[in-house]
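Colleague: OK, Swiss-Prot features for this one:
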TOPO_DOM  22-34  topological domain 'Cytoplasmic'
TOPO_DOM  59-66  topological domain 'Lumenal'
TOPO_DOM  89-98  topological domain 'Cytoplasmic'
TOPO_DOM  125-129  topological domain 'Lumenal'
TOPO_DOM  156-164  topological domain 'Cytoplasmic'
TOPO_DOM  188-194  topological domain 'Lumenal'
TOPO_DOM  217-224  topological domain 'Cytoplasmic'
TRANSMEM  1-21  transmembrane segment
TRANSMEM  35-58  transmembrane segment
TRANSMEM  67-88  transmembrane segment
TRANSMEM  99-124  transmembrane segment
TRANSMEM  130-155  transmembrane segment
TRANSMEM  165-187  transmembrane segment
TRANSMEM  195-216  transmembrane segment
Amino acid sequence: MTLFHFGNCFALAYFPYFITYKCSGLSEYNAFWKCVQAGVTYLFVQLCKMLFLATFFPTWEGGIYDFIGEFMKASVDVADLIGLNLVMSRNAGKGEYKIMVAALGWATAELIMSRCIPLWVGARGIEFDWKYIQMSIDSNISLVHYIVASAQVWMITRYDLYHTFRPAVLLLMFLSVYKAFVMETFVHLCSLGSWTALLARAVVTGLLALSTLALYVAVVNVHS
């Protein structure tokens, strides 16, 4: 039973990444090592973020939720956008190729570093726990989030981007950076359960993805 539960969680967490890699055409471009390089960049960026947070934003131990402190901590996620831009700038090819390489490498590195050990240790436990299913579903939401963020970075860094599109792209980037903070604050204020919070995050990420996709299609069509 424990191995079956672990297998379900593992498949739910990792197979969408594998399917994305195969169906996006990255395997035809031999982009595996490009994704690995993106993952290494992810590790470097996260190390810099942790050092920055540990230095300037020590852990809040009070009983009251620190909105300003959490907002400032969320601002550090801008480093992820800088890292994604660095990865895409080092890869030659079409826009969609750069976006998928950066997003898939980034999201896979996060999946391995933040969810691999908890799944291996926890999902193989004697007692069944829904939180590991939730963790696996959340990894798929993270994949969509990083694809969206990569597309936004790609659009804003185009030198020929029409000025009419720039405010919309900047707004979507702002929402991507502070989405986690807004969701955490909303969950804290409304005292939402774990499944409700996961559903809310999936809905918000989906709406952000659809908005970014519509803008991406408009940008590509205008510049084609």
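For all residues, glycine too, the Cβ spot is worked out from N, Cα and C.
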Colleague: Under 8 Å for C-beta pairs, could you tell me which stretch among 35-58, 67-88, 130-155, 165-187, 195-216 has the largest tally with the transmembrane segment (99-124)?
Modeller: 130-155
Colleague: Taking residues 6+ outside the transmembrane segment (67-88), which of them lie with a CB under 8 Å of any CB in it?
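Modeller: Distant Cβ neighbours of the transmembrane segment (67-88) are 37-38, 41-42, 44-45, 48-49, 52-53, 57, 60, 98-99, 101-103, 105-106, 146, 149-150, 152-154, 157, 173, 176-178, 180-181, 184-185.
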Colleague: Can you break down the topological domain 'Cytoplasmic' (22-34) into helix, strand and coil residue counts using DSSP?
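Modeller: Summed over the topological domain 'Cytoplasmic' (22-34), the classes give 9 helix, 0 strand, 4 coil.
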Colleague: Six or more residues beyond either end and a Cβ under 8 Å away: which residues meet both conditions relative to the transmembrane segment (195-216)?
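Modeller: Same-chain residues near the transmembrane segment (195-216) but 6 or more away: 130, 134, 137-138, 141, 144-145, 147-148, 151-152, 155, 165, 168-169, 172, 175-176, 179, 183, 186-187.
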Colleague: Could you give me the DSSP helix, strand and coil counts for the topological domain 'Cytoplasmic' (156-164)?
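Modeller: Once the DSSP states are binned, the topological domain 'Cytoplasmic' (156-164) shows 1 helix, 0 strand, 8 coil.
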